[in-house]
Structures are given as C-alpha cells and as structure tokens.
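Q: This is the structure, below, for whatever I ask next.
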Amino acid sequence: MKILAIETSCDETAIAVLEISEKQNSPKFNLLSNQVLSQIKIHKPFGGVVPNLAMREHRKNLPIILARVMKDVRRPLGRRTSKFNAIAVTSGPGLEPALWEGINFAKDLAKKWRVPLVPVNHLEGHIYASWLRRISPQFPLIALIVSGGHTELVLMKKHLDYKILGETRDDATGEAFDKVARMLKLGYPGGPLISKLAERLKTSGKGLFPRPMINSSDFDFSFSGLKTAVLYYLRDNPNADKSAVANEFQQAVVDVLVKKTGDALRKYKSKSLVVGGGVAANKKLRSALENMIKKSFPKISLYISPLWLCGDNAAMIAVAGYYRFKAKKFSKNPKTIRADGNLKL
Ligand code: KG4
Ligand code: ZN
C-alpha cells in the first residue's frame, strides 16, 4: 500500500510518499519521495518563525512540492501513481495557521482521490521516524523527543500507546538553544550554530552552568533557569569566549537529558531507546546517548533518528499515519479533522 503524507506544523513545507509491503506481519517501508522546503531564510530576519508568514508560504509551496513528489513517484509507480491508499496529515501540535494550510490541502486531495484522511500528531511522527530503519524498535520502549517546541520522555508499551513520563515545565530544549544563540548573537535557528561553535572545544567544560532538575525524582525538565544563568554570566563577563559559553550551555543540557533518559530506561525495563526531533541532530547529545547505552545498558538498542529525519519532514508523518491507518485510529469523517496547536500525544 502507499501513503502520501503532508507536514506543515512550523516552517517546513513537506510532502512524502511511503510504500509499505506487509510480509509476515512485519511491514517493510520504501520511501519513494521525501520533499522538504525550508522557510528558514524567510523567518531569519525576524529571529524566529512568524506564523502568518509561515501560513502564506505553505499555501504557496504545497502545490509546488506536490508536483515534485508526483514526479518522484511517477517512474517507480508508473500508472499506479495516483492510487494512494490514504493521506496522512499533521493536525498538531504546532502553529495553527500553518497546520490549517496542510489540513485543508490534504482534505481537498482526499476528496478528489476518494481516500481516507488520517490525522497524525507531529510528536508521534518524530518517534516513528525510527521505524524507517531496517530493524524496528522493540517494545516496551522509551522515546525522548527534543524539538523546538517540546521535550518529552514517553513510555510506549505497544504501537500508538503513549504514556508521558515527563516533559518540560518551561522552555523546550530547542527553544533554549535558540534563545541562548540569540544572547550570543549567533542568529537563527540557534541549535546548529551553538553546536558548531561548541565543537571547536573538545572538552566537556568546567560545569559553569546549573543542571536544572537533574536529580529530581520525576522525569520533568526545566531549561529556563539555565537560560537565565547564561544571561547573567554574559552580563557579568561581556568578553567571555562565545565558544566556551556555547560548550558549557550545551553540556549542561546534554547532561540533564542523558541522566533523565537513563533513569527512565532503568525504571521501565525498556528494550529500545528512540530519540527524535530537531535537537536529536546535536552531535554532543548523540554521542553522549551512545556512550550511556554502551556503558550502562548494553542490552538496549538505540534508535536516534538519522540526521535527515531529525528536522521536520513528512516521511515520519507517513510512517505514523500507516500505523494509525492499520489500527483504524482515525475519524471516518474528514470534516471533523481540525488543527490543534496544543495537541497532546
Ligand atoms: O523538530 P524541529 O525541526 O521542529 C519542531 O518540531 O520544533 O526542531 C527544531 C529545533 C530548533 O529549536 C533548532 O534550533 C533545534 O531543533 N536544532 C538543534 C540542532 N539542530 C536543530 N539544536 C541543537 N543542536 C542541533 N544540531
Ligand atoms: Zn518537529
């Protein structure tokens, strides 16, 4: 079967087509097209994503991207091109004006092609990106989602079954990176710029900044105190070396994420650790998680999204959409599908 997926929750307009062959109950995924058009250049002068600009760009770009996707799939599929079994679309969380563009576009296509429309949670998309690997993660698993809008530790005992163990009480991880990058006058989006700057130093720093909630007995996170600590440090040390500050900040974030994830793995006896979202592209975080698994949990298999699937894309929405479609976990009436900026897992 084939699923076409659409993602417009933030500043990336993305459409993908996923072919799924179901042999002996274990699906094999073949990504036929995965087009992403980033709006970073448009939002850059504003230092962040402007919702109405994002909406306008999605509206303009969706037909262009769909044409590219159809071109990608024409050759492998031939005349079967238009025969999709379902359309999956991100319905939240994210910027509502941006989400609506994708949803309305998807509704029109579903009507035209007479196929079901499956709404997908953007965060489950970040988790399901790991199913595009050759071997699938095993349940029970712990998923760590680190993105521009979220920081979540989730327990999954089976498909589409999410228990949120902890989340951020204030800033999301990516948001903290972006804000600290602004303090360092690095530009937008800040995560990759901080990471690049920090890379110049090969040390793990001197522990200059606090590791908020690292020893709390729950699985929640808090990054706003850390952000403020960086602010005060820069105020008191205006000539501080930016690379050192970036490195110290990044290390503090990584230490907290790794420690809490380890605690969750231990407590819930998980078989896999799945990591996704924009911040999962961070090299320091990736290597720290790899080291933790190697050292403390050699029996647990680690699935960090490959770099090309960390940022927002529609391939991950297609995989999650496939599992929702199979489980019939979607409304039969597409009219009821709405954008929900605060949609929970
Ligand atoms: O998942 P994503 O593309 O969009 C949301 O769903 O929010 O995540 C975007 C976030 C941004 O805050 C960006 O600064 C951060 O991911 N990010 C990084 C890196 N690459 C992207 N943060 C730290 N290190 C990186 N290498
Ligand atoms: Zn995302």
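Cβ from N, Cα, C; glycine included.
Nobody curates TrEMBL annotations by hand; they come from automatic prediction.
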Q: Quick check on the annotation: TrEMBL has Ile145, Val146, Ser147, Gly148, Gly149, Gly191, Asn282 binding substrate, so which of Asp161, Asp178 does it put in that site too?
A: Asp178
Q: Out of the binding-site residues His122, His126, Asp312, give me the one sitting nearest to Asp178 (substrate binding site) by CA distance.
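A: Among His122, His126, Asp312, Asp312.
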Q: What average pLDDT does the predicted model assign to the domain 'Gcp-like' (31-318)?
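A: The answer is 95, the mean pLDDT of the model over that range.
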Q: I'd like the number of other C-beta atoms within 10 A of the C-beta of Ile145 (substrate binding site), please.
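A: Other Cβ atoms found within 10 Å: 28.
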Q: Filter the candidate list Ile145, Gly149, Asp178, Gly191, Asn282, Asp312 of binding-site residues, keeping only entries whose CB is under 6 Å from an atom of ligand 2.
A: Asp312
Q: According to DSSP, which of helix, strand or coil covers Asn282 (substrate binding site)?
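A: Looking at the DSSP assignment, Asn282 (substrate binding site) belongs to neither helix nor strand, so coil.
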Q: Taking the recorded Fe cation site as His122, His126, Asp312, identify the other residues of that chain whose CB atom sits within 8 Å of the mean position of the site's CB atoms, giving them in sequence order.
A: Glu7, Ser9, Cys10, Thr90, Gly94, Leu123, Gly125, Ser147, Gly276, Gly277, Asn313, Met316, Ile317
